[in-house]
Amino acid sequence: MIISRGSHVDEEPVAKKPRISVGEMTDDTTDDGLNTEEIRAPYTTEEMDEPEKAALLPKIPKKSPVSIGMNPENGKYVLPNYSKDESLNARKFLKYYGLRKFLDTYLPEELNSLYIYSLIKLLGFEIRDKELLSSLYRFFHPVKSSDQFKLEYEDFTDPLEKKEAVKLIKDLQKAINRVLATRIRLSNFYTIDHFVSKIKKAERILVLTGAGVSTSLGIPDFRSSEGFYSKIQHLGLDDPQDVFNYDIFMQDPSVFYNIAHMILPPENMYSPLHSFIKMLQDKGKLLRNYTQNIDNLESYAGIDPEKLVQCHGSFATASCVTCHWQIPGEKIFSNIRSMELPLCPYCYQKRREYFPNTGDEEYDTLKGNLESGIQNNNFALKSYGVLKPDITFFGEALPSKFHKTIREDIMKCDLLICIGTSLKVAPVSEIVNMIPAYVPQVLINKDPVKHAEFDIELLGFCDDVATVVAQKCEWDIPHKDWEGKLKKKRFDVNEIERGVFNIEAGSPE
């Protein structure tokens, strides 16, 4: 049994290279309909200088890197041992030259399924099917450094069954799609000095922010052990994220308004990190700030509306879910603090027809009627005339501004800085994989983001890292704490591994 040039299996004596259909088994289309394949950026650009291009270009192998020999003494096969550099080069080759040339270069013309498995390993992956893995290793010879025997590289029969070979082809498809969808770190951008030099020269910086930029103000993040979702587990919801589920809100808005006070943002406050972004704007360097936060603190810091994309909406405004009348968000803050349903004045009389015994202060009665409505399946009544903050719930589309700007911005930016985010929610989390490969990417976060490949990771409190960067750039952050507390504050900066630094406040002199 052999692997044919298509994805099916033939009973012929010689195998040919498989035709892999990239995208057939991929997750590139996000939940919000943003197809990263359609807007994937070029690998290099003519604007790059030669050292920058050289850092991205792969080496062309002198011979087929994937070669499998057989030990004639026991009939078992020997897999090559691939180094990290060989794996990195294979990934670069695939991304730069494309799939067809990659397969032509890395696989011999005649092959069997063991070559497919070896190529998966070369790309840095392992198959998860334990049964298939067990079948494979029955045919491999464990090689020790002291072993000396001559291998045969002539054609040999594929040891795997047809269904196992098909599984391997599908796993190779997944590995290829993952490589194409994930960036590769730049080899010439890995120190803080590199970052400082780049941020000084950059003219179109894309900043992506998450909850970590606001935690210093007492606003909880969402997914950490001390975050918001952990604090509401006592509510007994199947999923803590249900408090932001649009369908559940429409069925029973009290689920959200029982906890909304916990995430209500402070007014007219912002962190040094917010001011750091404002500083980039003032210096003409900020292309756009895409924030996943709903606290609207960027506006308090002075980020211009045209420079700000609130990907998940914000508390800045609130709208009636029935007639869509909109008001400034602070108009319902008192209701939120009192855990009351804010009601639209234009829909109020009609709502009283549905709930005739409900006064403004009779929240318990209203809640009881809402629960009764749920039991009776009268979904149109429960949220009738309720004002909802204009934050994007699960089940709602992202604001149109996100889609209008992101396609242009990812092609324009010359530096990406991700700050205070775990990059867990699509499609915003996909931005890092859509940026051109030659654009440096920097993470500023308390914890590493293991599923992304940043060139430089600055781990610590966001305000501390922003202060260190500003100090090294000899820039002043426009924040009330800068002159008195931050400008001369000392920090300990330790390199954990190449490109990864831990930053902590140092001991006072």
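Glycine residues also receive a Cβ, built from the backbone N, Cα and C atoms like all the rest.
Copied from Swiss-Prot, the annotated features are:
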- 1-35: region 'Disordered' (REGION)
- 25-35: compositional bias 'Acidic residues' (COMPBIAS)
- 185-476: domain 'Deacetylase sirtuin-type' (DOMAIN)
- 210-229, 292-295, 420-422, 445-447, C462: NAD(+) binding site (BINDING)
- H312: active site, proton acceptor (ACT_SITE)
- C320, C323, C344, C347: Zn(2+) binding site (BINDING)
Open item on the list: Is it possible to get the count of other C-beta atoms within 10 angstroms of the C-beta of C320 (Zn(2+) binding site)?
Closed with: 21
- [ ] Compare the Cα of C347 (Zn(2+) binding site) against each of the recorded positions G218, Q292, H312, G420, K446 and report the nearest.
- [x] H312
Task: Residues satisfying Cβ distance under 8 Å from G218 (NAD(+) binding site), sequence separation of at least 6 - done: P266
Open item on the list: Comparing the binding-site residues C323, C344, C347, which residue's C-beta has the most other C-beta atoms within 10 angstroms in this structure?
Closed with: C344
TODO: Provide the three-state secondary structure of C320 (Zn(2+) binding site) computed with DSSP.
DONE: strand
Task: Pairwise Cα distance for G210 (NAD(+) binding site)/the residue listed as 'active site, proton acceptor' [Å, integer] - done: 11
Task: Candidates H312, C320, C323, C344, namely the recorded positions, that fall within 10 Å of Q292 (NAD(+) binding site) by Cα distance - done: H312
Task: H312 (active site, proton acceptor) and G420 (NAD(+) binding site), Cα-Cα, nearest whole angstrom - done: 15
Task: Nearest-integer angstrom distance between the alpha carbons (Cα) of C344 (Zn(2+) binding site) and H312 (active site, proton acceptor) - done: 23
- [ ] Check the binding-site residues S214, Q292 for other C-beta atoms within 10 angstroms of each C-beta and report the one with the most.
- [x] S214
Open item on the list: If you compare CA-to-CA distances from K446 (NAD(+) binding site) to each of the recorded positions H312, C320, C323, which comes out shortest?
Closed with: H312
Task: Pairwise CA distance, C323 (Zn(2+) binding site) versus H312 (active site, proton acceptor), rounded so that it is a whole Å - done: 21
Open item on the list: Within a 10 Å radius around the Cβ, which one of these recorded positions has the most neighbouring Cβ atoms: H312, K446?
Closed with: H312
TODO: Could you find out if DSSP has S214 (NAD(+) binding site) as helix, strand or coil?
DONE: coil
Open item on the list: Applying a 10 Å Cβ distance cut-off over all chains shown, what neighbour count does G210 (NAD(+) binding site) have?
Closed with: 27
